[in-house]
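As structure tokens, the structure follows; a few thoughts come after it.
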Amino acid sequence: MSEHDMQNTNPPLPPLPPEITQLLSGLDAAQWAWLSGYAWAKAGNGASAGLPALQTALPTAEPFSVTVLSASQTGNAKSVADKAADSLEAAGIQVSRAELKDYKAKNIAGERRLLLVTSTQGEGEPPEEAVVLHKLLNGKKAPKLDKLQFAVLGLGDSSYPNFCRAGKDFDKRFEELGAKRLLERVDADLDFAAAANAWTDNIAALLKEEAAKNRATPAPQATPPAGLQTASEGRYCKADPFPAALLANQKITARQSDKDVRHIEIDLSGSDLHYLPGDALGVWFDNDPALVREILDLLGIDPATEIQAGGKTLPVASALLSHFELTQNTPAFVKGYAPFADDDELDRIAADNAVLQGFVQSTPIADVLHRFPAKLTAEQFAGLLRPLAPRLYSISSSQAEVGDEVHLTVGAVRFEHEGRARVGGASGFLADRLEEDGTVRVFVERNDGFRLPEDSRKPIVMIGSGTGVAPFRAFVQQRAAENAEGKNWLIFGNPHFAADFLYQTEWQQFAKDGFLHRYDFAWSRDQEEKIYVQDKIREQAEGLWQWLQEGAHIYVCGDAAKMAKDVEAALLDVIIGAGHLDEEGAEEYLDMLREEKRYQRDVY
């Protein structure tokens, strides 16, 4: 039977009713494509492709959907974005949820409604997972976004000069590229819960109303793909930390070192807490009792005076010890305190944002009280303070090696201000005040943006300075425990070989056992000319390029303000020189490594 005969055996199709013809004439290309796919799917499933089904399924508008993106450094932005997505789905809105590390930056051009929750790192830079999108939007290949509606929630820390800078930058750039705001940007501080909840409620109400105007059919409730779920880490979390015991506190810098770095071991037995190399440990701490007494004496407040803190009525001394931030000054504190001090100099400082930021960075809260005395009630003073927040430390152990323990590498923050010795809140608690077998409240903070390759045969290059070596100890422990075939290369820097070689004997043993294949050390103060890790990177350009050609993953951990930037500049020089690419090509190559998760950074 010929093809012509086969065609003639089918009965003729009835003509389309006028109302269907009218509807079809108004469809654009995207709607025609959708309709074609829908009809084909219906026919393939054995459903009738007749007109009644077509009439029922025919859309009168594009499906109303929202993309919710997060760019997180410590997990807070991800958590807020997850809740926002859940809230929108509960309102019957179709949601596409993604972390920026899993999102193709070029897809931004096709978005119609976008919510972005982003933190800020370093000196106002976007989180690592947002770098590629940030560069695209600010580069010469930036797409037009005139069909996009958006809203941005920024998370930050007001004690830093560039508060919520990443959120502000994205918000501004979206508008410059033609996008329209759904809602004004919100900048949330460390105690972000109330601001984030209000933003989520407002955007959900707005989008629900817009969806109704578009007569969109509410989307069915859907379970997000398994890959987007946060893996359970046991019942303990930031809000309900595990009361762990301190096993060991060992100073691992020499007596003559300018640094005080501690190797901390904590017992997780009975917690069911699990972590992976690259994760961080959240540590809740109490302030120094001596600092609490100093502050109360300066203010003339009776330690037994009761105030509200953490939903309880507590003596102010207890409240300041466990519920309020006392070691990190903020612009909000200085501005709030200035009227009580009634001092012209402090008023001038508070009125000039640039001067204020410098003052906040250099002057602890207690020293503000010393320099500008004032009398406040206990409630008034507490009202100027932020809630105490846990500190996050890169985990320096692998559970494959240490079992129910977790190890940290903690640099104790110590300095003098106007002759008075000061120490960091959490680092001082761990280094000085927490006794062996004492209790420390902890939780695991996942960091999926800083992971070993899934293929353990892939080589890795680890670049860090100071306590930035911490996660690399965990990496090599894990690779050794798995007897991984992949080569490991450590590039580490610190001031002095004799005083600051963190975990020296362990690195030597790893090398002897065949799990540290290459190593380069930069001791910046051991010779007249300062040598840093970026110098070692340039020195080893040909070798690094060869490892990259073999599929190596590069990891950087340490200071975001200077070290990480200098390392990236050195890597670009390697790509230009050894890879024979121009500057633009080198940038694109590094962006490709980022998107392939072969260039990951944990910087702070």
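Every residue, even glycine, has its Cβ placed from backbone N, Cα and C.
Note that the coordinates shown come from a computational prediction; the quantities given were computed from them, not determined experimentally.
Here Swiss-Prot has Ser524, Arg525, Lys530, Ile531, Tyr532, Val533, Gln534 binding NADP(+), and the candidate from Asp559, Asp566, Asp573 in that same listed site is Asp566.
FAD binding, as stated in Swiss-Prot, involves Gln361, Arg391, Leu392, Tyr393, Ser394, Thr409, Val410, Gly411, Gly424, Gly425, Ala426, Ser427, Tyr604; the candidate among Thr327, Thr330, Thr377, Thr439 given for that site is Thr327. Comment: NADP(+) site residues Ser524, Arg525, Lys530, Ile531, Tyr532, Val533, Gln534, Asp566; largest CA to CA distance 18 Å, whole number. You'll find the Cα of Asp157 (FMN binding site) roughly 23 Å from the Cα of Thr409 (FAD binding site). It is 24 Å from the Cα atom of Gln534 (NADP(+) binding site) to that of Tyr393 (FAD binding site). Per-residue pLDDT, averaged across the domain 'FAD-binding FR-type' (239-453), gives 97. If you measure from the Cα atom of Ser72 (FMN binding site) to that of Arg391 (FAD binding site), you get 16 Å. Other Cβ atoms within 10 Å of the Cβ of Thr327 (FAD binding site), summed over all protein chains shown, number 21.
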